[in-house]
Structure formats: structure tokens, C-alpha cells
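Enquirer: Take a look at this one; I'll ask things after.
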Amino acid sequence: MNVSDGGRRRFEDNEHTLRIYPGTISEGTIYCPIPARKNSTAAEVIDSLINRLHLDKTKCYVLAEVKEFGGEEWILNPTDCPVQRMMLWPRMALENRLSGEDYRFLLREKNLDGSIHYGSLQSWLRITEERRRMMERGFLPQPQQKDFDDLCSLPDLNEKTLLENLRNRFKHEKIYTYVGSILIAINPFKFLPIYNPKYVKMYDNHQLGKLEPHIYAVADVAYHAMLQRKKNQCIVISGESGSGKTQSTNFLIHHLTALSQKGFASGVEQIILGAGPVLEAFGNAKTAHNNNSSRFGKFIQVNYQETGTVLGAYVEKYLLEKSRLVYQEHNERNYHVFYYLLAGASEEERLAFHLKEPEEYHYLNQDCFTVEGEDLRHDFERLQLAMEMVGFLPKTRRQIFSLLLAILHLGNISYKKKTYRDDSIDICNPEVLPIVSELLEVTH
């Protein structure tokens, strides 16, 4: 898909081009470019596709969004705006790449019963289930088990055998392993096609341990236990920096809302995932081991009706590393949002906020300024759109950015001890005070 450049032009109602991949619905068409605006709905885009590709108007079609980090498909509601969802994608996903790992939109056909037609999905699931039953009954040979999908099944359980088993599974791209009801996930740092609709369907309402370990299985067990027992369920995600906790959270949210909404992207899911760029900008920073390390804890509460439909959600942060604002260790940076704002602010904002370069702020010039492969202007635009989608009004966003710049200017104030008193100090650069007062909207 093509997105026009030019800073804030992305936020105006200018025309964008969506690349829609129709697959088997339109043989011979790899993708169809459809012009759309920021507020164009999925229904309007589908109407344009039907006319452009001369499709059967008696059938019902939907748009599916596929994301790079897993390849799963999420069906857009007719009133959803594809351009707005596209503008939340990472910068690399907006470049014109044709690899199978790109974020993209697909055209899908909806069956009469409301389900989505995935071609040979049902036959694939049926064959998989038949092979499993044949092996259980002894009609097919059991596969040679060179590893154990549950560490509790190891005949000799010690640190060496545990690590060797995890290593052997990882070599075969089996990144998930059980320890009873606990799931171990090893970050593969690459695309694995194990999060598409086939796997969503395969793990739906299955007992934990019956199938290959997967994060979908954990989400499914928690969801159905909640419905059957009428009690709250909790999933705890823990790990070292860079282990993939944020991605695992995204997979869980996707699957839980898919179980509730039957594959459609719900408004609650959009808000939770739309809050991701906001939380990352204000709570993530470059560390010595991870360029996008979360420096806070996150608690997400998803509330359901008795029918299993998502009712609402609550997101709370805790243990924010506030000391990072004033001091960073070697090869580390401050929070992302400061760099986004300094790089992406408009000329009017630069004058109003008295912006300088990062190296001119004490809170930003202690070690490093850049991260390889980042596009700060795009990240700032993505942050602004995410804040808008979550519900921040323009006035509120401006007040937040003004406060951030006030913090940076406060860090530039230097002090000296008064010569005639031992318990008081003077400000060496009083010219900074009017700027801070203006940004905080207080008198001085």
C-alpha cells in the first residue's frame, strides 16, 4: 500500500491507496489497488472492490487484516476504517514490499451461516484429526519422539535434560513447551506461520495438552473455564527483557476477542491494541539489551457478559521506571516519546514549545540519541493517531506534549550556591524559567 509523505498530511483527509489481496476470489489478481480516505469504511472499500473486480454481487464479502507478527486474520466490521488501521502499522509495513510477511488486507467470502470461508480449512482440520485418531488406535506409526512437549514428562528431569529438550524443540521451530499448565515461550525473532485462522480453529475448546503447546491453548482454556465455572481467570506473563512478553500479550488479546467475537475485530480489541503505541511511546525505552524495552508493568482486565461476549476492558500500568527521566545508564536512552516529539513536531509546535535538538537537553544527551532502523517522524504520527483513536482530544494531546517539553526544559536549569548563605542556591540560567512557566501555564 502507498501512503503519501509530507508530515501531517497523513492526518488530513487526503486519499490513500489500499492494496487488497482477493486470493482465490479473483483468479489472476495478486492485489487490487483501491483509493480510500481516512474515514472510508470497510463496506465502501468492498463495494469498490466488487465493481473493480466484477465480483458476484449476490455473495457477501468481508475484509481481513493480516499482521506481520503472526499472520493471523482479523475480520473488519463494515463500519471499521481500513486506512486508520493501516496507519497504526509499523513503518516497515507501510513500505512497498511483496513478501508473505507483510501486513496486508485480504478479501474473504462469508458463508450463509455467518462463518468465514477459508477454502480447504475444514478438510485440513478433518484430516489432521483423523490422523491423530489413527495414531492413537495404532493404525499409523507413532512419530519418533525426540523431544517432549511437556517437561513434566521427561524421564530424567534435571537442568541439563530440561535445557536440551528446549533446545531440540527450538531447532525445529517449536517455540512453545508446557510445564504442566505453565507455558514456556522462546522468542524466535522471526516470522512463524502458527497464528493463522487454522490454528485459531484448531485450538478452539480443546483440553490443554491434547495438541501441540501453543499460546492459543492457554487463552482458550482460560476463556472456557471462565464461562463454565463463572469465575475470574488470570494469565500471568513474565520474562526477561526482549523475551517477547508484549507480543505474547497481543496474541492472547487477539485470541480472546476472536473467541468472543467469532473472528471479528471488536471495538474493545481495537481500543486495547490501539493503546499499544501510546503505552510504548510513554513507557518503552532503548536499553543496552533491547531497543524497545518496556520499563513498566501492565495489567489488562477484559470483562465479559455471561454469554461470553466482550463487554469492556481496563488497562493499568504500574512500576514505571521514573528514574529514567533524569538519568540513563551507558548505551541507553530516555523514553521514546521525547524523541518522537522532537523529530515529528510541526513548525508551529516547534515555535510554541521552544523545541531544540535532542543533544541540547540534559535529560537526553547523557549517552545515545538514535536507534538503528527507526523513523521518528512516522512514529510520532502513529502515536498521534493512536491517541486520537483511544480518545485523547486535540487539546489534551497538546497539554501532554507541553508538559513533556516542560520536563526537558526543567532538566536544563543549572544551579549555584549563594556566596553569602550556606543553605540556599541561585539559578545560573534564569532565562529558562519563562519558557517552563509558559509550557506549564503558570505565572512566574
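Backbone N, Cα and C define each Cβ position, glycine as well.
Just lifted these from TrEMBL, have a look:
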type: DOMAIN; residues: 14-112; note: domain 'Ras-associating'
type: DOMAIN; residues: 146-444; note: domain 'Myosin motor'
type: BINDING; residues: Gly239, Glu240, Ser241, Gly242, Ser243, Gly244, Lys245, Thr246; note: ATP binding site
Enquirer: Note the Cβ centroid of Gly239, Glu240, Ser241, Gly242, Ser243, Gly244, Lys245, Thr246, the recorded ATP site, then list each other residue of that chain whose Cβ lies within 8 Å of it, in sequence.
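Expert: Going along the sequence, the neighbours appear as Asn187, Asn290.
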Enquirer: In the domain 'Ras-associating' (14-112), how many residues does DSSP assign to helix, to strand and to coil?
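Expert: Its residues divide into 24 helix, 28 strand, 47 coil.
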Enquirer: Drop a 10 Å sphere on every Cβ of the binding-site residues Gly239, Gly242, Gly244 and tell me which sphere holds the fewest other Cβ atoms.
Expert: Gly239
Enquirer: Have a look around Thr246 (ATP binding site) and count the other CB atoms within 10 A of its CB, chains all included.
Expert: 19
Enquirer: Glu240 (ATP binding site) has how many other Cβ neighbours within 10 Å of its own Cβ?
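Expert: Here the count is 10.
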Enquirer: What number of additional C-beta atoms lies within 10 angstroms of the C-beta atom of Ser243 (ATP binding site)?
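Expert: Result for Ser243 (ATP binding site): 15 other Cβ atoms within 10 Å.
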